[in-house]
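Noted in Swiss-Prot for the protein shown:
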| type | residues | note |
| --- | --- | --- |
| BINDING | Gly48, Leu49, Ser50, Gly51, Gly52, Val53, Asp54, Ser55, Thr204, Lys233, Thr255 | ATP binding site |
| BINDING | Asp54, Glu209 | Mg(2+) binding site |
| BINDING | Arg184, Lys217, Asp224 | deamido-NAD(+) binding site |
Amino acid sequence: MNPSPLSIHSALSSDALRIDAAAEVDRIAQAMRDQVRNKMRRRGLVIGLSGGVDSSVCAALAAYALGAQNVFAIFMPENDSDPESLSLGQEVAKAFSLEGAIEDIGSALAAMGCYERRDDFIRQVEPAYGSGWSCKVVISSPLAGEGYALSTLVLQAPDGSQTRHRMPASVYLGIVAATNMKQRTRKQMEYYHADRLNYAVLGTPNRLEYDQGFFVKNGDGAADLKPIAHLYKSQVYQIAEYLGVPEEVRRRPPTTDTWSLTQTQEEFYFALPYDRMDLCLHALNEGLGVEETAKATQLTTDQVERVWLDIHSKRKATRPLHLAPLLVQPVF
């Protein structure tokens, strides 16, 4: 019997999530063809390319499954975007011969008040915040043993000095609500192109993001299919190498590219770098022991238990993001 492309090693180690990339690519491509052509009866796929490894792998899979001529890539910079995101996204499109378009959403976001609303909330904790300033939100690590993650607002003044601010809940929620306009506006643009082409929209979350609710509802969480949601981030990198995703993309640290200050996903949401988070999540899912997990991740047993608690907490807190609209009674 041939092993499953997602079969794993029995012992937890850095190799625990190794996969047969070729077999897994074929399996995903077959599923994508069936979903797009038979289940949804669409001609192709639209994808927002961010210059990150997840969207790049999904674009490569789409081209492999349906042909590059049936994939449309969209690049959607805004006022806070890192210019590298656009250049890397375009490099990916070129590597896989994808047609695409640049849709700068900065003016649309400004017209809706995205930036001004965010800045108004920031000024509740730092009245001087304005032109020339930059910001990001970071969380405390659950490894610190505080029991829950605290969000901190980091501000950089025009002279380069940085300050950290605790936020009232209303300020935090207001900043996040304004910032979430970015993901929702991008998704609106993706569906515009999907509608005009009779294409489906391709979602790009990996398993860690999907499991932990690291997405905006009706924003980057909205899609018609999500072909890598079962793959750990470590496995996405294996697929990226196999499919020939440009090395510059594979070397780039995972980033939200949402805030005007550079911010990693680890700073904003996850407790650890993705490779160790993957192992902790896999160990929890498979019911492996805390001692084995600690050895594989180079954490203490107390730290592993804190990471697992954080995983459970995020699953509970973000469960509503996964729910379809609730009905009083079934309709279909």
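Keep in mind that glycine also has a Cβ here, set from the backbone N, Cα and C atoms.
Over all protein chains present, the Cβ of Gly52 (ATP binding site) has 22 other Cβ atoms lying within 10 Å. In the three-state DSSP classification, Gly48 (ATP binding site) falls within a strand.
Annotation note: Thr204 (ATP binding site) sits in a coil segment as assigned by DSSP. Under the three-state DSSP scheme, Asp224 (deamido-NAD(+) binding site) falls in the coil class. In the three-state DSSP assignment, the secondary structure recorded for Thr255 (ATP binding site) is strand. Within the same chain, the residues at least 6 positions away from Thr204 (ATP binding site) whose Cβ sits under 8 Å from its Cβ are Ile47, Gly48, Asp54, Ser55, Val57, Cys58, Asp220, Ala223, Lys226, Ile228, listed in sequence order. Taking the binding-site residues Ser50, Thr255 in turn and counting surrounding C-beta atoms within 10 angstroms, the largest count is reached at Ser50. Thr255 (ATP binding site) and Asp224 (deamido-NAD(+) binding site) have their C-alpha atoms 24 Å apart, to the nearest angstrom. A coil conformation is recorded for Lys217 (deamido-NAD(+) binding site) in the three-state DSSP classification, outside any helix or strand.
Largest Cα-Cα distance over the residues recorded as binding ATP, namely Gly48, Leu49, Ser50, Gly51, Gly52, Val53, Asp54, Ser55, Thr204, Lys233, Thr255, equals 19 Å. Cα separation, Glu209 (Mg(2+) binding site) to Lys217 (deamido-NAD(+) binding site), rounded: 13 Å.
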